[in-house]
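Notes follow once the structure below has been shown.
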Amino acid sequence: ACTGIENIDEAITLLEQNNWDLVAAINGVIPQENGILQSEYGVETLHGPAYGPTSHSAAASSTPSSSSAFRHVVPSRQIVERQPRMLDFRVEYRDRNVDVVLEDSSTVGDIKHILENELQIPASKMLLKGWKTGDVDDSTVLKSLHLPKNNSLYVLTPDLPPPSSSHSGALQESLNQNFMLIVTHREVQREYNLNFSGSSTIQEVKRNVYDLTSIPVRHQLWEGWPSSATDDSVTLAASGLTFPCHRLTVGRRSSPVQTREQSEEQCTDVHMVSDSDGDDFEDATEFGVDDGEMFGVASSALRKSPMMPENAENEGDALLQFTAEFSSRYGDCHPVYFIGSLEAAFQEAFYGKARDRKLLAIYLHHDESVLTNVFCSQMLCAESIVSYLSQNFITWAWDMTKEANRARFLTMCTRHFGSVVAQTIRTQKTDQFPLFLIIMGKRSSNEVLNVIQGNTTVDELMMRLMAAMEIFSAQQQEDIKDEDEREARENVKREQDEAYRISLEADRAKREAQEREMAEQFRLEQIRKEQEEEREAIRLSLEQSLPPEPKEESTESVSKLRIRTPSGEFFERRFLASSKLQVVFDFVASKGYPWEEYKLLGTFPRRDVTQLDPNKSLLEVKLYPQETLFLEAKE
């Protein structure tokens with residue numbers, strides 16, 4: 001509380017160096033002007049019962065300079081200031097994330113000034129959003145907002161035009177670059193090759209180096225950072241580092257460790273009393289120390305932020321604050337709390353496929369219970385419990401500290417589990433909290449398998465979780481079997497429906513093919529009939545246009561033609577020798593052999609008569625007095 005040292009090994013080392021003298025160890029770390037043993041502040045001598053069980057003889061032999069006696073320092077006024085609380089902010093602006101680390105004594109305007117340097121945006125144009133409380137202006141002190149250690153904010157700039165794509169692309173490319181930092185540990189002469197993205201901050205680099213070298217950030221002495229890297233919240237891309245590789249050197253900053261003589265000299269100003277009456281130490285308020293102060297730590301710093309806002313309209317927002325506050329108190333190793341309403345948690349846990357269902361664990365927190373801190377830090381945050389819950393449970397949480405939140409949960413409990421469970425929770429005393437409810441979803445209702453109170457151990461908690469899991473697994477196997485059988489029946493039905501549909505499609509396609517074939521046959525038949533009718537009409541027309549056949553006893557010259565068809569039949573006719581060859585062609589066509597499809601051939605000599613001039617007479621083409629011709633289909 002006095003020095004801000006969080007590393008237990010470092011604290012023990014300092015105590016051993018000062019022979020386990022707490023006051024001397026503190027003075028060895030804190031600069032002298034802020035030390036708690038300065039004589040200029042004045043120290044009162046305590047007269048009263050001894051602090052601790054010492055005998056009368058021990059008290060008689062005790063002296064003010066004895067290092068084995070109990071000492072209690074009571075300054076006349078507060079002489080050790082509270083160490084400032086550091087807050088981490090991740091601020092999102094368009095496609096950038098800026099990490100800002102500030103003391104809680106800073107204001108909102110200080111955050112904007114840092115963002116102004118990082119984002120190159122005037123602070124007057126920024127709207128800083130994401131606060132969990134109401135109205136916040138630039139003069140608001142961060143301490144008054146009761147923020148958790150880690151916070152997420154975002155910046156809006158409605159008065160500024162959006163950046164060009166080329167500028168934002170170049171900035172994004174710079175932030176996505178990877179820097180190779182070659183860090184030399186000066187004391188041990190060892191090099192570390194570390195890769196960091198351009199969006200990482202200098203503070204993140206120093207924290208990683210602390211993990212490697214065990215040198216706390218405040219004791220790290222660096223060489224090699226660019227002159228522009230004056231703020232640990234600056235990203236590597238904006239710090240001016242050499243890309244892609246940059247060399248740095250780190251060592252341990254020498255601390256003003258006091259000698260034993262200096263410690264004993266300062267201890268002479270400390271007055272101690274060691275009585276042997278065995279009574280308790282008198283109330284510190286009689287010596288000017290308030291109940292809420294211890295070594296200068298104000299009582300407001302000891303008060304915790306509420307886990308959940310009272311009368312929260314949205315359960316999801318309330319759970320977000322619960323998760324953030326839980327992490328700030330007990331660390332990041334804790335169950336993953338479901339963010340959403342209790343109904344949404346039911347849907348997630350119970351109403352999926354049987355293989356994906358889980359048990360629902362409801363954690364009921366109460367800040368006023370003496371068991372809460374132990375249960376959260378030692379049991380709920382144990383790695384084995386966290387791992388088992390994440391694999392097999394959906395974990396939902398609620399804070400029962402505030403009466404309004406308590407009444408709201410009891411209403412939800414009555415609606416979902418019935419009045420008996422709600423009455424059981426209602427009758428639980430404060431010291432029996434926190435509670436852990438194990439819920440299993442059933443077909444008709446939700447069953448509470450177990451109610452675990454806070455006075456348990458890690459092993460017992462794990463055993464009860466595993467016992468609930470065994471009951472759930474048996475029920476789950478039945479549900480999986482029923483679901484598989486139902487899916488099998490549905491698959492068979494779907495396959496039958498699909499086969500029936502395919503059969504109908506095949507029948508319809510076959511019927512449509514038959515209809516198309518019949519329609520095509522009908523069309524071809526119609527065309528054929530029309531062609532036959534047309535040919536018959538032409539044949540009749542040609543037959544009617546033929547001149548009458550001359551008689552044998554005619555006085556004119558008559559040519560007798562005998563024509564053989566492709567089928568072997570013969571037909572004969574007499575023509576006047578003066579008739580044109582076209583008359584013979586018309587006669588042959590009237591018999592069903594149009595000259596466009598058939599050729600008329602002579603025998604001796606063999607010749608194609610259809611190639612002759614149809615306007616010449618039979619006498620001219622030497623088809624007189626008689627001739628035998630035969631018909632042949634053209635190719």
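Just so you know, glycine gets a Cβ as well, placed from its N, Cα and C.
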48-69, 158-179, 510-531 - the one TrEMBL records as region 'Disordered': 48-69
Which listed span TrEMBL calls region 'Disordered', if the choices are 246-266, 540-560: 540-560
DSSP helix/strand/coil residue counts for the compositional bias 'Basic and acidic residues' (486-496): 11 helix, 0 strand, 0 coil
Across the domain 'UBX' (554-631), average pLDDT on the 0 to 100 scale: 89
